[in-house]
């Protein structure tokens, strides 16, 4: 199975709705590693996902809807070179 890396920017009503915690739970369930954090604009969540292509794709599909209470307007996905740099999935501080 090919490993991939995706850098996501999820925009809309995605802060204050447990988006980061929910994404972490979904990522761990599918064996995806990386991180997620809020952006200081108040309407963007950023994430980097690494893992098998099908597992990363499942997390991206989930991100298009998000948890209850979220209203996702846009998901930008930038495919990057796989680095294998993560041991787990973390919630990082807001930037």
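Counting starts with 1 at the first residue shown.
Any Cβ shown, glycine's included, is placed from N, Cα and C.
Summarising the annotation, Swiss-Prot assigns domain 'Acylphosphatase-like' to 5-93. As annotated by Swiss-Prot, active site applies to 20, 38.
Cβ contacts within 10 Å of residue 20 (active site), excluding its own Cβ and spanning all protein chains shown: 22. Between the alpha carbons (Cα) of residue 20 (active site) and residue 38 (active site) lies a span of roughly 8 Å. Confidence in the domain 'Acylphosphatase-like' (5-93), given as mean pLDDT, stands at 98.
Counting Cβ atoms from all protein chains shown, residue 38 (active site) has 20 others lying within 10 Å of its own Cβ.
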